[in-house]
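Student: Take this structure, written in structure tokens, and hold onto it; I'll ask about it next.
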Amino acid sequence: MINYLKSFFLYEIVRGMALTLKYFFKPKVTINYPYEKSPISPRFKGEHALRRYENGEERCIACKLCEAICPAQAIVIEADEREDGSRRTTRYDIDMTKCIYCGLCQEACPVDAIVEGPNFEFASLTHTALIYDKERLLQNGDRWEQALASKLHKDYEYR
């Protein structure tokens, strides 16, 4: 009987409208994206970058740990040995369409060569533009070196 009275007096509709009015006058939580941007966490995983040492030499020692640990198999590395016995990469490609941004490559790297930077706006109209070669990754690293170094410094105690 009580259910009949509730449905007769449209109790559920009034209750729903009250809830709507409650949230209607609260401040909005959305942002106008292209013009406003929300703050990014220091642990954000965005576009990849290869870092260099202060003297300009690339950090990557071609150990291929990032290639081995990548669950999406998005990283391809080819390396040559130099005269002094050390190895350096001749090819370092990341297919960003395969990448799942898990950060395992960054965690596996013993010299902090591959990192995920602060950029999340790198959409493209072609598939080939999302296959990053070594030069593009090094350019990303040069562009964001200050931000990457401070991010790694903040995160150091958790690694």
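Here the Cβ of each residue, glycine as well, is placed from N, Cα and C on the backbone.
In case it helps, Swiss-Prot gives these features for our protein:
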type: DOMAIN; residues: 51-80; note: domain '4Fe-4S ferredoxin-type 1'
type: BINDING; residues: Cys60, Cys63, Cys66, Cys109; note: [4Fe-4S] cluster 1 binding site
type: BINDING; residues: Cys70, Cys99, Cys102, Cys105; note: [4Fe-4S] cluster 2 binding site
type: DOMAIN; residues: 90-119; note: domain '4Fe-4S ferredoxin-type 2'
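Locate each feature and note its surroundings.
Tutor: Listed as Cβ neighbours of the domain '4Fe-4S ferredoxin-type 1' (51-80) (distance under 8 Å, sequence separation of 6 or more from its ends, same chain) are residues 86-96, 98-100, 102, 104-115, 138, 141-142, 145, 148.
Within 10 Å of the Cβ of Cys63 ([4Fe-4S] cluster 1 binding site) there are 16 other Cβ atoms, across all protein chains.
Annotation note: Cys99 ([4Fe-4S] cluster 2 binding site) sits in a coil segment as assigned by DSSP.
The domain '4Fe-4S ferredoxin-type 2' (90-119) scores a mean pLDDT of 95 in the predicted structure.
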Student: Give me the Cα-Cα distance between Cys60 ([4Fe-4S] cluster 1 binding site) and Cys99 ([4Fe-4S] cluster 2 binding site), rounded to a whole Å.
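Tutor: With distance taken Cα to Cα, Cys99 ([4Fe-4S] cluster 2 binding site) is 19 Å from Cys60 ([4Fe-4S] cluster 1 binding site).
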Student: I want to verify one value. Collapsing DSSP to three states, which class is Cys63 ([4Fe-4S] cluster 1 binding site)?
Tutor: coil
Student: Including all protein chains displayed, how many Cβ atoms other than that of Cys66 ([4Fe-4S] cluster 1 binding site) lie within 10 Å of its Cβ?
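Tutor: Taking all protein chains shown, Cys66 ([4Fe-4S] cluster 1 binding site) has 22 Cβ neighbours within 10 Å.
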